[in-house]
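Trainee: Got these off Swiss-Prot a minute ago, pasting:
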| type | residues | note |
| --- | --- | --- |
| BINDING | SER10, SER17, ARG18, SER19 | FMN binding site |
Amino acid sequence: MSKVLFIKASPLPNEVSRSSQVAETFMAEYKAKNPSDTVEELVLYNTEVPLLDLELMTAGRELQAGKAFTDLAPDVQKKLNAYNALTEQFLAADKYVFVFPLWNLGIPPLLKAYIDTFVIAGKSFRYTEHGPEALLKDKKAILIHGSGGIYSAGPTSSFTHGEPYLRTILQFIGINVVPSIFVEGIDHNPSKEAEIVAAAKAVAQESAAEF
């Protein structure tokens, strides 16, 4: 039995977000194929995701130096508890399903803030004399990525720092990232929206059966 963490990184409701619609198709098929697995849904835009800021970094250094957690300011304790809870939730999962849009050739800022909660030396990777070593080698992920243009291939593929960035950072910590599902090109061809979404949903069903 596997524990799946379904991470949604779009503020848009499902009826508006095409990638979220495709992700729901993926999850429905996955649950049908794996009824004994547990699925936990994390909607980032409905979640407190603390920024890795000076306050958190200072608290981390103070704790490493021996300061007691209870000696931190109450608001810092609260922020650190929220941060650590996201870390532990991520580490406890076996599989990850990320659904996220491409914004200005990158990922949503809240998704980047979330990434900072689990890419942590000593938890998801460690430094060695030979360089960084991944620690999450027994886990896997799939990325469901929406964009108005076409960036998965072709002349604009080198422009994007969305799907390639998230894929790279997950691989850096050892996670096996299977082929992504792209929901793309609708802004280029609005008349083909239904066709594009249907094709992506078909890929999602096939991918879910193998995930």
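Backbone N, Cα and C define each Cβ position, glycine as well.
Note that this is a predicted model, so its numbers are computed, not measured.
Mind mapping these onto the model and telling me what they sit next to?
Mentor: Every protein chain shown contributes to the tally, and the Cβ of ARG18 (FMN binding site) ends up with 23 other Cβ atoms within 10 Å.
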Trainee: Neighbourhood of the FMN site (SER10, SER17, ARG18, SER19): other residues with Cβ within 8 Å of the Cβ centroid, in order?
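Mentor: Same chain, not in SER10, SER17, ARG18, SER19, Cβ within 8 Å: LEU12, ASN14, VAL16, SER20, GLN21, VAL22, ALA23, VAL99, PRO101, GLY146, VAL183.
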Trainee: Might you list, by sequence position, any residue in that chain lying six or more from SER19 (FMN binding site) with a Cβ less than 8 Å away from its Cβ?
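Mentor: Listed in sequence order, they are SER10, VAL99, PHE100, PRO101, ILE144, HIS145, GLY146, VAL183.
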Trainee: When you tally the Cβ atoms that lie within 10 Å of each candidate's Cβ, which of the binding-site residues (SER10, SER17) has the highest tally?
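Mentor: Compared across SER10, SER17, the most Cβ atoms within 10 Å surround SER10.
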